[in-house]
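Student: To start, I am sharing the structure in question, which I have written as C-alpha cells.
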C-alpha cells in the first residue's frame, strides 16, 4: 500500500501507512504467506444478518481452499461487521492459528458454526420470553426518556405561567397586567383565546429584525459606509486596514447574521405564544365542561384541530395549484405530520397542566367575570421540582445512550457473534443463550486477529453532521463523515487520523476489559495535517497536536454502532420528520460518542450568536440538548465534543471506501445490501465518493461482444473482460446487466424463480493522480439455477430471496441455511482453481488472490481533435446504452 496520495497526502498519511504495513508484515509471517505478494483486502457490506450469513458461507468456501490466510485487510460495515467480528474474535482467542480458524470454519458442524446457526434469531433467540424482555426494556427506556423530556418542557411552560401569575398578583404590576389579560380574554374568537405572550415576538422583531434589515440597505451608499469605516477605525485596527468595499461586505454579512438571529428569536417566541394560547384555550373549554376527562380530550383535539386547520388549507391549495387528481404525500412528509401531531399533543397536555396549576384548577370564567391566574405554591413547587430534576438528569450524560436501544442491541450482537468463539461458552454449555458472559466481548486492545495471522479489521461507522459542516456537501448532501476504527487508530473524513497510544499493561484480558469499563478512556496521538487544514481528532493546534483522551469502547459496541441502521441520524437520508418520529418512539440505535475534544476548535465555522447560545445550553444541559438535537436532526459532527455515530452504511455501504483510501491492489467485496432490482445503488455511491474523495475512477470491465468502446481520447483504455478473466469463469463473472432478474420460464410466467446470469463483476480502479491501478471483484448474491435443491426451493416460496428486506432480522433455520449455502456455492464457483490451464493469455482467477497482471496498461498516444470527434460520433452510434447504476 502506498504511503500517500500526491494530490491529497492527508488522505493516508505516511506515519499511518507505515504502522499498518508493519502489522501486515507481522500477520503474513504468522500466516506463512509471502511478504512480497500484493496486499489483498476484503470488504463485507451492510445488510444485517442477511449479509452476515452470506459472508459466513462465502468464507467457508475460502477456508476449505486455505485462502483466508491470504487476506491482509478486512473492512466491514453493519451486517458485514457481524461476521467480521466473529472472524476477528476467532483469531484473537488464545491458542488460535490460521490453520485452526480455517479448520473451524471449513467444518459446517463445528461448535462455532452451530452456535451461529442456533442464533439466526439473535435478537430474540428464545422466542416469546425474549420478546417480553425486549418489550419491557423498550418500555422502561421509553418511559425514562419521556420523563426527562417532559420535565424539561414543563419547566419551560410552567415558568411562563409562573411569570404570568406573578404579574397578576404582584402589587406594582397587578392592575396593569390584569387589564392586559382582560384585553385578550374579551377579544377571543370562537376557536382560540390568544395568550398575552404573543406580544413577546415583537421585541426581537422591533429591536433586531427591523434595525438590521433597514441598515442593511444603507450599506449600498458608498459615501456613508466610508464615513462609518473611518469612525470604526478609531477603535478597531482591523477596520483601518480594510477597503471601503471590504468593510461594506463585512457589514452586510454581520447584519445578515443579526437578522437571522432576530428571525429565529421571533419564531421561537411566536411558537411559545401559540402553544400557550392553545393550552389556555383547551383549559378554559375543559373547565367549562366540569373538568371531565372526555371533555379534556375534546378540548385538546379541538385545539389541535385549529393548528391542523391551517395546514389542511395550505395542502388543499397546493393540490389545486398542482392540478393533481391524486395527491400523493411523500413518506417523509407523512412522518413529519405524525411526529408533529404527537409532539403537539404532548406539548398541549403539558400546557394545560401548567394552566391548571396557574388557575388552581378553578374556572377561568365564573359566569360573571374573568378570573386571572392566581396559582400559588403548587405551581411554584412544580416548576422548582422540574428545574431540579432537569438539572439532576443533565449531570448524568450516560443516560443519553442507556435510554436508547443500543445497549440491548450491542449485548445480543456480542453474545451471538463474538460469543461464538468464546472458550468459556464451549466449556460450560449451561450458560443461558441470552446472557452476556465474560469473554463474549473483547476490549479493543485484545482484539488483534493480525497477531495470529488474521486480517487487519477496519470497522466503519458514520459521524452524523447536518450542521457546522466544513463544506456544503458534508452538511447538505452527505450529512455525515466516514469514520473507521482499526488496529492502528482512527480515521475521520478524508484527512483526519490518529494512532493509538499503548495502554498500560494488565495481567489478563479480563483485567483489561474491566479497566476499560472503569476508565472508559483511551489515548490517541493525532497525525499532524498540513497548516490550515481542519483536524477532527485534535484541539486547535493541528500542526503540533497533543495526545487526546477519547471514550474507549469494546469491539461489540463498535460493531453494534456500525450496524445501527434504524435511528434518528441516518447520514444522507436524515430527515426532520423521521428523526422526530423515531425519537419520540425511542427507536434509537445510534450512539453519542465522547471524542474528548472541546467545541469551537480551529477549522470549524465562526460561530454566530445562535451557535454560541447553543453551545452554552449544551454545557448547562448536555443530556437534554443531545436529545433535542437527535429529535430535530441537528448533528454538529466534529464541531462538538459529543459525536452522534450510526451505521457505517449511512455513508458508504459496501465497505470498500477505506480500502480505496489505502489503494489496496486487489479488493474482494461481498455486496450484501438489499437490491432486489439489481440497480447497484451502493456500488454507484462508492464510485461517486471514490472519485470525489480519493481521485479514483472505478470502471466495470465489459465483454468484447457487447460492443462497448472507451471514450475517445482516453489515455488508458479499459481492457475487455475476456482479456483478463480465465475463460472458465466468464459464465460467473459478468457485467451489471447480467444481474437483471430473469424468469425461470421463457414466457415470463414464473416470477417466483428469477435467475441471474453471473455472480460477480470485475472493475478497474484508476488512481488519476498517479496513474496507478487496482482491481475490485464485486460479489453479489443471486441464483443462476445450479444451486442446491433446498436453496432453489426456498426461493420458490420466498420470491424476494436472496434480496429480502433488511428489516427482517429474525432468520429461521431454512432462511439462515439458504443464505449460508448460497454464499458457500458462490464462493466455490468463484474461488476454485480452474482444472484447465488457458493458453490465450487470459489467466486471472480470484483463487490467485492477486490482482490481474494487466494492472498498468500502456498509455494510448493522443489523437488529433478531428479524429477524436469522429471516434466520439461513431461510438455514440454503435455503443449500447451505458449502464446507469441509479435510475
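Including glycine, each Cβ sits where the backbone N, Cα and C put it.
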Student: Which stretch, out of 838-862, 863-887, is listed as region 'Disordered' by TrEMBL?
Tutor: 838-862
Student: Mind pulling out the one from 142-163, 191-209, 379-402, 480-500 with the most Cβ pairs under 8 angstroms to the transmembrane segment (330-359)?
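Tutor: The stretch I would name here is 142-163.
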Student: Sort out the residues at least 6 away from either end of the transmembrane segment (142-163), same chain, that have Cβ-Cβ distances under 8 Å to it, and list them.
Tutor: 197, 272, 275-276, 279, 346-347, 350-351, 353-355, 357-358, 373, 375, 379-380, 382-383, 386-387, 389-390, 393, 399, 403, 585-586, 621, 623-624, 627
Student: For the transmembrane segment (253-275) and the transmembrane segment (191-209), check the count of CB pairs under 8 Å (sequence separation 6 or more) and say whether it reaches 3 or more.
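Tutor: They do touch: at least three Cβ pairs between the two stretches lie under 8 Å.
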